[in-house]
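Visitor: Structure incoming, see below.
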Amino acid sequence: MELPWTALFLSTVLLGLSCQGSDWESDRNFISAAGPLTNDLVLNLNYPPGKQGSDVVSGNTDHLLCQQPLPSFLSQYFSSLRASQVTHYKVLLSWAQLLPTGSSKNPDQEAVQCYRQLLQSLKDAQLEPMVVLCHQTPPTSSAIQREGAFADLFADYATLAFQSFGDLVEIWFTFSDLEKVIMDLPHKDLKASALQTLSNAHRRAFEIYHRKFSSQGGKLSVVLKAEDIPELLPDPALAALVQGSVDFLSLDLSYECQSVATLPQKLSELQNLEPKVKVFIYTLKLEDCPATGTSPSSLLISLLEAINKDQIQTVGFDVNAFLSCTSNSEESPSCSLTDSLALQTEQQQETAVPSSPGSAYQRVWAAFANQSREERDAFLQDVFPEGFLWGISTGAFNVEGGWAEGGRGPSIWDHYGNLNAAEGQATAKVASDSYHKPASDVALLRGIRAQVYKFSISWSGLFPLGQKSTPNRQGVAYYNKLIDRLLDSHIEPMATLFHWDLPQALQEQGGWQNESVVEAFLDYAAFCFSTFGDRVKLWVTFHEPWVMSYAGYGTGQHAPAISDPGMASFKVAHLILKAHARTWHLYDLHHRLQQQGRVGIVLNSDLAEPLDRKSPQDLAAAERFLHFMLGWFAHPIFVDGDYPTTSAQIQHINQQCGHPLAQLPEFTEAEKRLLKGSADFLGLSHYTSRLISKAGRQTCTSSYDNIGGFSQHVDPEWPQTASPWIRVVPWGIRRLLRFASMEYTKGKLPIFLAGNGMPVGEEADLFDDSVRVNYFNWYINEVLKAVKEDLVDVRSYIVRSLIDGYEGPLGFSQRFGLYHVNFNDSSRPRTPRKSAYLFTSIIEKNGFSAKKVKRNPLPVRADFTSRARVTDSLPSEVPSKAKISVEKFSKQPRFERDLFYDGRFRDDFLWGVSSSPYQIEGGWNADGKGPSIWDNFTHTPGNGVKDNATGDVACDSYHQLDADLNILRTLKVKSYRFSISWSRIFPTGRNSTINKQGVDYYNRLIDSLVDNNIFPMVTLFHWDLPQALQDIGGWENPSLIELFDSYADYCFKTFGDRVKFWMTFNEPWCHVVLGYSSGIFPPSVQEPGWLPYKVSHIVIKAHARVYHTYDEKYRSEQKGVISLSLNTHWAEPKDPGLQRDVEAADRMLQFTMGWFAHPIFKNGDYPDVMKWTVGNRSELQHLASSRLPTFTEEEKNYVRGTADVFCHNTYTSVFVQHSTPRLNPPSYDDDMELKLIEMNSSTGVMHQDVPWGTRRLLNWIKEEYGNIPIYITENGQGLENPTLDDTERIFYHKTYINEALKAYKLDGVDLRGYSAWTLMDDFEWLLGYTMRFGLYYVDFNHVSRPRTARASARYYPDLIANNGMPLAREDEFLYGEFPKGFIWSAASASYQVEGAWRADGKGLSIWDTFSHTPLRIGNDDNGDVACDSYHKIAEDVVALQNLGVSHYRFSIAWSRILPDGTTKFINEAGLSYYVRFIDALLAAGITPQVTIYHWDLPQALQDVGGWENETIVQRFKEYADVLFQRLGDRVKFWITLNEPFVIAAQGYGTGVSAPGISFRPGTAPYIAGHNLIKAHAEAWHLYNDVYRARQGGTISITISSDWGEPRDPTNREHVEAARSYVQFMGGWFAHPIFKNGDYPEVMKTRIRDRSLGAGLNKSRLPEFTESEKSRIKGTFDFFGFNHNTTVLAYNLDYPAAFSSFDADRGVASIADSSWPVSGSFWLKVTPFGFRRILNWLKEEYNNPPIYVTENGVSRRGEPELNDTDRIYYLRSYINEALKAVHDKVDLRGYTVWSIMDNFEWATGFAERFGVHFVNRSDPSLPRIPRASAKFYATIVRCNGFPDPAQGPHPCLQQPEDAAPTASPVQSEVPFLGLMLGIAEAQTALYVLFALLLLGACSLAFLTYNTGRRSKQGNAQPSQHQLSPISSF
């Protein structure tokens, strides 16, 4: 049944047939049409006898592109057609061939002339051409992407065709296959939209033809499928409303010979069309016509008679089905009517086997039984049909892992693993961990160039219990991400609903033996169709159900391990079949119309052949085997709805045994009807073959073979594999395909070959799977034979498997993957095997052709319209004006300098990677390559290269082009910058010796890059001079200018038609200085005073010479650009305020980059500072002239302007300081007169990580040389022997590229591209292989040099896909208000602010003791006075009023109330302070939030053990009781403990906090924590039981936690580490209180395991009794939560002997270097983590009411009132809290930490958290509001962030009494690089951060106006307004 979307086309285009359709001349001869020409037809007609596959008229492969000269036999062929009464011939034009550019302005004239010649040949043979404008594939063009563009382009193309061929053509068709054209349109998923597009295009062509070309007297139509017409008979009234758009109706007609209706009757039915219309049968397909049936001639005669007799308005039809064309060496090709009717399918004709036996199996056996081995194994050199799909498969349980992730339920395979049933006790719990790696797996597919990916969906991953319920969101998200990634990479998803992994919950109800599972499966399938069907168009209901039935329920080898072959296996299969049929009908009825997909089933089968080829019994047994294996499922679906008749064997054996040995269920008649035809395709998987004999002595055992009555064997000559059941029998797949086609699909349905492969064993070579390479070659070639020679309609070939996985009972011992997976590494790295490259090659060739199939990829284009233009001929000033870069940025605060910027680069930005020949190619002496200076150098002893390494092999890229291309595709790079080895193509350096093999290598590389849509950027010289040229002096010899030009000229001529970006030299500074000054690089010359200048002089002139050669000889034709790559570090003045350092920094830049750039980009001469300095020093050295050579005026003019773009390589930055070096001996280094100082010291890295230097360097280049196009051609970080998790490199690229983005977006630098150094690990010069720069790890110890992706290789493609670093949707700013009644608060703590440490009877606390202990507190600070809040109640209340908060959270000093910690004595003076303070708060309308304990334990209690002494629980309860009694009438918000984690872990673990205990880190923290929890619970119960009723307050605890993100989200261990981090920090105390009264399981498990592992007899973590658990559980009224930052967590295994909290947690943490820093080393600004951890609290603890009781950020250094960093922090974090509210988190309040600067524990007063500055230089300690205080006050007044689009909000107006804050320190503050007065800075601050506007007189007014301009629809603004020099 054709898809119903054709209704739209019919109704919108063809209902109103034009009146011209009825004017067809009555005397016009009847049309009998043949054609068109196809590649197969031409091949068959041109083949000598014996080479033809069959007599083919219109083959099944690509239509023939017109190429001159036309085949010589065409004239004879056309004449024979005319002699056979053929009158017309179909010709298919190629749109893409005629208009290669897409525009009729530039047609391919050769193609036009070719088609005219073809049409004229037809006319000469008296055949009338019938021309189709668009047969299948429209040309790929970016223009088609635009809405409405297709119709315009098609009209343009049609006009050209009418003009060019109209004099030769009278009959035109716009489209002949609508469905295939739609599939090739950009928006094919929207079928209705695509059909409307074609309708518009057709109408345009029709109108143009009849308006402009009516004089030609022709007709125009479009081809439709005939079976749609009866269902779509139009209403006459509707027809009148539609204008005509065809002259006659053209149909694609299929007819079944065995149909009840005759063909004439079928034609007569078409006459019911209204209005009456002439009908032409464009294609006549005769199906299911047996060779012994009606003769073709009689059928043809009956057709003609019916037409004449019944006056059927049929003007003609296709006669291909009645023609037979032959050719031999002696006669010309000829065609005639045939007497043996061909069986024509939708795409091809299949020749029936003559005189074949009755059954399909016997006919197949007869066709191949007598083949000789030579004939059977002959290799077919041919290609698959166009559109053939190449794919790869996996199964969910094989690869996903993630067994306990995000709510996923267990499957039967999880249960199977728990039984330790698999080899090596392997389980599927982690498998290949694909659950965490969807992007990585898709990248692998992209690398192979797969077109389809067959994967399965985990049923229990979506529905944990199998039944319809709330789906698992994380599971849905995983598959959405996978599918979206596939489509982004142009890979078609083929989703399997069931691949053996039934939810265990359903298995416990009987599994597939329980009828209810069918309903459950239907619900699951319906959800998948609804959720994913908008993108998935190929569905598989069941994958290999035979395996599930046989091995799962028959032999019990597979899960669920049930052994019942006679009963269970048949019952399971029965229910699977019913589930499949109902699922297909579900899709057909409810989803097909909208989604336009296809649903099938994948069945597996071996091929069976008789053991005794002459035995009829064995032949019958073999046929029975096939029906038992394949027919068991295929026959009901594809034949008649019931099991095959061979199932009678079951009845037979039951009768023989006298009891039911097996029971085959029966289908009802309704079920049979449901089953029959319930598939859109047959999926087939096949691995091996079997020899079958009749069963020997039958027994009454219920084995599979015994029930089937056969016995299985293998030929011992068949090669073995690692699997005992797979033998290599390639020809079996061809025979099986032919059988399946004849028995089941019969040409009506396509076959998708959905599984084929073989495993290698663990003991085999990990990467060289040559045996599998052979397997694929043989098997795929047999599939090709089935398609080409047997004409089986196979649409795909899908390899098993993409990666190694869990193979059920065999565990991980058998490896099917094209990619090897290292299961011993937690990150499960994937490395390509040899077979991956082979499969790619087959895909690229679409089979086994000598040439790759041209895919016409969209070319990556770089914009070269704006090239560098030198307009200023003046030399640079000294120092240059580019020093503005220093002035512009030197005063930036660190926070502003490093703040991450969100944005994208220009659309055509070139993202690439770089390499160089000596470093990667190897093949140092291969195929005639000559030696280079690096070959000579590395083979010379004592060369200084680490480990005596050489580049002889390196990465072996010379021999592994496929491997390099694989990883380039995987990375999605748009460009590849590589270098040509001079000595590889000119072994002696001269063009008299050209090495063809070397040239061929680069041609293959360049061609492959272009074919893969990767832009080649080619460097001519990357330090590897041919040794033969060095022998004549190398670059000291001026003759190299001419020789280099000769080499370059050859490269331009040979490669320039494809290479459009050239660089002459890479980093000439390195080659010159390291090769001729220090001499550490070849040619190892040490003459530092003269030779660097002499050599550079020649290099510059050589560059200029080559530039002019390209410019004069090649540019006009090749249209490329040419430049050179320069390098330098950024030079930052050590003291930007010291002019000498500024000049020294500029001098360094001029002596490095300017040395070469100044002559080329400036004035043709060296920088004046170089000439001045070297000249003066030469004179001081008593030399007659400067050591720096001079250019003549002619040379200056020749050199000046010899670069089109600016390419530079950069890695790091250095501090530069002026220095006066020695004069002698003369040296280039000393000439610079400076000293370099490293910015920081890092170990294990090649370069210091100084990303901000990139932005400054780019700005310097812009200022120095003008704003010319710039390409960063190298940038990367080298690491010493890094792991695959190279997080440091990710941070490096992330921050460096972000600085480049700032330069582009904020500073206007014309940056066009970025190339990462380097693609893969390589030979790193003197460091050999010890320093690794590669995005890919290369194993240099393995002969094949396998490449494995590092984490950075996963990060970089995402950068490319996003074209930069756009703001993530979740990070977009959210405008809105918090809920009414939301609490805004500020916080402090007693010891941190009160002071008065011995006043009025206060007792000592542990912090008094700790701070008076030497070396405990930074700067020897203490809290004796602190902020003196004890004496400043009024001042503190005023500070709170400044903020406008409704609440204030403070703590009570235990020792101020109870000096010795007990109730023996209550200090009334201390209590009075709190009463007075609380009263003052209440009087000011501020509600107190009181923390009972904030770390300051009375020292008297610590003296008896503190929190390690269990008696403290009662002491704390008594202390709390005093507070409840005395203050409870005023205080309604109580917090028992603040951050117990810090108390326990830092006070009793690390000892960095009071009481400073660190010598029992494995026990003390847990004991203290245990008592803290019990103390909290007792205090809560006290309040709940005694005080709550009369006081009406609430009480809970404040728990602190960072958020933990996995360092590598794709690494399962890192994911688990992040969870452990949060559970050990926040869950330690939250889990007992808010969950179940006990510690988190991960804590209990890890601490117990480590305790026992250390020899202890129990866990170091104390246990709660059951009564304690009950008493602790639920002791909360709300969740008090403190949060400041986020970490990146990863697993770290400590030795068992280590006993500590950190060792137990087993987690290490780092920070992303792009995260803004604060004044605290541990606190990085990470707003996103705030929302995530709030959501975690919601999910983990059932969404309790949450109050954020602390959140803030610190600063260090000189105090400033303009705390822009804190405003950024508060704005970002509070906005994330607002988002959490929108996530339904029950957030009730927010508290800023802190109200004022205070004593910050061990750091003293160095870290300032306060929104009020406390001026400690003033004895009165005034509280001065910072800008952040006023910002926070605005948020409080507004209760959030008013939407500017809603107009000005009153809350944004400053209160009238708000006075500007005067600074106690300075009158001006720096703001974004400017010095502003406090008032101006404050205004600018509010403008920038609070309201995102530039310049403000009225804050609210401008907010309103900017909001109106920027708001688009309902979208939230996603980017701040940015200062040109700010990253804010």
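Including glycine, each Cβ sits where the backbone N, Cα and C put it.
What Swiss-Prot lists as N-linked glycosylation site is Asn514, Asn824, Asn936, Asn948, Asn991, Asn1037, Asn1240, Asn1281, Asn1509, Asn1657, Asn1684, Asn1815 (among others), and the listing cites sequence analysis. Residues or ranges marked as region 'Glycosyl hydrolase-1 4' by Swiss-Prot: 1374-1847. Annotation comment: Swiss-Prot describes 1-21 as signal peptide, evidence class sequence analysis. Under the heading transmembrane segment, Swiss-Prot lists 1884-1902, citing sequence analysis as support.
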Visitor: Secondary structure at Asn936 (N-linked glycosylation site) (DSSP, helix/strand/coil)?
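Guide: Asn936 (N-linked glycosylation site) sits in a helix per DSSP.
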Visitor: In Å, rounded, how far does the Cα of Asn514 (N-linked glycosylation site) sit from the Cα of Asn936 (N-linked glycosylation site)?
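Guide: Given the Cα positions, Asn514 (N-linked glycosylation site) is 76 Å from Asn936 (N-linked glycosylation site).
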Visitor: Among the glycosylation sites Asn936, Asn948, Asn1657, whose Cβ has the fewest other Cβ atoms within 10 Å?
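Guide: Lowest Cβ count within 10 Å among the glycosylation sites (Asn936, Asn948, Asn1657) is Asn1657.
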Visitor: May I ask which of the glycosylation sites Asn936, Asn948, Asn1240 is closest to Asn1037 (N-linked glycosylation site) if we compare their C-alpha atoms?
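Guide: Result: the closest of the glycosylation sites to Asn1037 (N-linked glycosylation site) is Asn936.
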Visitor: Tally every other Cβ atom lying within 10 Å of the Cβ atom of Asn1281 (N-linked glycosylation site).
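Guide: I count 10 other Cβ atoms within 10 Å of it.
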Visitor: With Cβ-Cβ distance below 8 Å and at least 6 positions apart along the chain, what are the contacts of Asn1509 (N-linked glycosylation site)? List them in sequence order.
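Guide: Sequence-distant Cβ neighbours: Leu1501, Asn1571.
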Visitor: Considering Cα atoms only, can you say which of Asn936, Asn948, Asn991, Asn1815 is the nearest neighbour of Asn1657 (N-linked glycosylation site) among these glycosylation sites?
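Guide: In terms of Cα distance, Asn1657 (N-linked glycosylation site) lies closest to Asn948.
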Visitor: Which one of these glycosylation sites, Asn514, Asn824, has the sparsest Cβ neighbourhood, judged by other Cβ atoms within 10 angstroms?
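Guide: Among the glycosylation sites Asn514, Asn824, the sparsest Cβ neighbourhood within 10 Å belongs to Asn824.
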Visitor: Please tell me which one of the glycosylation sites listed here (Asn824, Asn948, Asn1240, Asn1684) sits closest to Asn936 (N-linked glycosylation site), measuring Cα to Cα?
Guide: Asn948
Visitor: Which of these glycosylation sites is closest to Asn1815 (N-linked glycosylation site) if you go by CA atoms: Asn824, Asn948, Asn1281?
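Guide: Going through Asn824, Asn948, Asn1281 one by one, the closest to Asn1815 (N-linked glycosylation site) is Asn1281.
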Visitor: What are the non-local neighbours of Asn1240 (N-linked glycosylation site), defined as same-chain residues 6+ apart in sequence with CB under 8 A from its CB?
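Guide: Once residues fewer than 6 apart are set aside, Asn1240 (N-linked glycosylation site) is near Gln1248, Asp1249, Val1250.
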Visitor: In this predicted model, what is the average pLDDT of the region 'Glycosyl hydrolase-1 4' (1374-1847)?
Guide: 98
Visitor: Please classify the secondary structure at Asn948 (N-linked glycosylation site) using three-state DSSP.
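Guide: In three-state terms, Asn948 (N-linked glycosylation site) counts as helix.
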Visitor: Give me the Cα-Cα distance between Asn991 (N-linked glycosylation site) and Asn948 (N-linked glycosylation site), rounded to a whole Å.
Guide: 33
Visitor: Ranked by the number of other Cβ atoms within 10 Å of their own Cβ, which of the glycosylation sites Asn991, Asn1684 ranks first?
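Guide: When each Cβ's neighbours within 10 Å are tallied, Asn1684 leads.
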Visitor: What three-state secondary structure does DSSP assign to Asn1037 (N-linked glycosylation site)?
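Guide: Asn1037 (N-linked glycosylation site) sits in coil per DSSP, no helix or strand.
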Visitor: If I take the Cα of Asn824 (N-linked glycosylation site) as reference, which of the glycosylation sites Asn948, Asn1281, Asn1684 has the closest Cα?
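Guide: Of all the candidates listed, Asn1281 is nearest in space.
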Visitor: For the glycosylation sites Asn1037, Asn1815, which Cβ has the most other Cβ atoms within 10 Å, all shown protein chains included?
Guide: Asn1815
Visitor: Please report the Cα separation of Asn948 (N-linked glycosylation site) and Asn1281 (N-linked glycosylation site) in Å, rounded to an integer.
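Guide: Pair distance, Cα basis, whole Å: 17 Å.
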Visitor: Could you measure between Asn1684 (N-linked glycosylation site) and Asn1281 (N-linked glycosylation site) for me? Cα positions, answer in whole angstrom.
Guide: 34
